[in-house]
Amino acid sequence: MPSTFGAALKVTVFGQSHSEAVGCVVEGLPSGIAIDRERLAGFMARRAPGQGSWATPRREPDHPHIVSGLNADGKTCGAPLAALIDNTSTRSSDYDRLLRVPRPGHADFAAFAKWHGNQDIPGGGHFSGRLTAPLCLAGGIALQYLGERGIRIGAHLLSVADVTDEAFDVLDNTPASQTRLADQLDRLADGRAFPTLDAAVAARMRAAIDGARRAQDSVGGVIECVALGLPAGVGSPMFDGIENLIARAVFGIPAVKGIEFGRGFEAATLRGSQNNDPFEMRDGAACPRTNNAGGVLGGISTGAPVHFRLALKPTPSIARAQDSVDLVGKTDERLCVRGRHDPCVAPRAVPAVEAVCALVLLDALLAFPAETDE
């Protein structure tokens with residue numbers, strides 16, 4: 001069961017929600033990276049549970065223990081970086097019934113079919129959103145490395161239920177548009193507690209999530225992510241394109257059910273003359289004037305911002321009664337899920353999306369010099 005992605009930069013995630021710890025191994029990190037531990041802790045705190053009525057009440061300190069990959073000066077040394085994050089707040093008894101009765105919409109049934117009852121159920125096991133903690137640990141390091149090289153990555157909640165935030169300014173690729181996009185990324189980096197561009201929208205989203213929680217239900221959302229500053233020519237055609245690699249990796253984030261780049265599915269309703277991005281010379285270099293393609297053509301970056309949106313389903317674990325079955329007793333059952341669960345997973349998934357995007361782009365960039373030297 002591989003839980004690994006990447007080529008030049010290979011990331012492996014391990015652990016379960018209620019195991020002693022979760023963690024990651026990152027192979028291929030450039031040597032000499034001085035990790036800002038305070039910034040890394042702040043980034044991981046954005047994903048941490050226990051942040052209010054819109055998140056699970058489970059509280060975890062999420063202090064990473066980096067056990068290899070650093071030298072005496074605290075810099076990456078070229079060896080694989082391995083890190084652990086302890087699980088300190090588990091209530092496995094909440095999941096006793098789920099060993100036999102799967103949650104509708106959750107991986108319980110599929111895991112039972114694959115591993116014949118040997119799977120680890122408490123907290124969702126290896127399918128839990130808890131596994132995004134080591135993703136954020138690895139991705140937080142990648143974000144620091146990319147940021148020092150002028151590549152900025154940011155994401156926000158574009159929508160929750162029927163509440164929609166201001167969108168990123170990415171469909172134009174003019175200098176003015178990129179300045180506005182940089183300003184939007186600055187706003188997201190100002191320490192706000194909820195990941196929206198518009199504070200008024202954040203209050204309405206929290207209200208929608210809280211309403212679902214009070215109704216013993218849940219809601220989904222859409223996350224919008226952008227990478228600004230990636231040079232043209234990064235990536236590969238066919239099966240290892242930027243879009244392919246991002247899509248493969250982000251589907252490792254629980255609840256992700258769909259992805260689109262640039263205009264995405266809307267492009268199917270346009271004519272070529274509307275969807276094509278015209279080129280122009282700017283400061284001696286060719287660049288697309290608009291960005292309907294989302295910064296990628298043929299799997300390779302165009303120099304425009306890489307832009308994609310993710311759809312996340314409503315949390316399957318809800319207290320409302322649902323129809324299920326007893327997989328051992330072979331009977332129909334009614335199930336009300338107990339335990340501590342997010343009424344909407346999308347807010348805490350935002351930093352995980354940024355982390356995965358950073359890891360994928362760093363992986364592609366590590367191959368980029370070799371390609372350009374040929």
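Easy rule for this one: first residue shown is 1, then count along the chain.
Heads up, the Cβ atoms here are built off N, Cα and C, so glycines get one too.
Annotated NADP(+) binding site per TrEMBL: Arg47, in sequence order. Taken from TrEMBL, the feature FMN binding site applies to His126, Phe127, Ser128, Gly298, Lys313, Pro314, Thr315, Pro316, Ser317, Arg340.
Feature map: TrEMBL annotations on the structure.
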residue : record               : CB count, 10 Å
Arg47   : NADP(+) binding site : 25
Ser128  : FMN binding site     : 21
Lys313  : FMN binding site     : 17
Thr315  : FMN binding site     : 27
Ser317  : FMN binding site     : 25
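DSSP classifies Lys313 (FMN binding site) as coil under the three-state reduction. The two recorded residues Thr315 (FMN binding site) and the residue listed as 'NADP(+) binding site' have their Cα atoms spaced 16 Å from each other. The residue listed as 'NADP(+) binding site' has Ser128 as its nearest neighbour among the binding-site residues Ser128, Lys313, Ser317, going by CA to CA distance.
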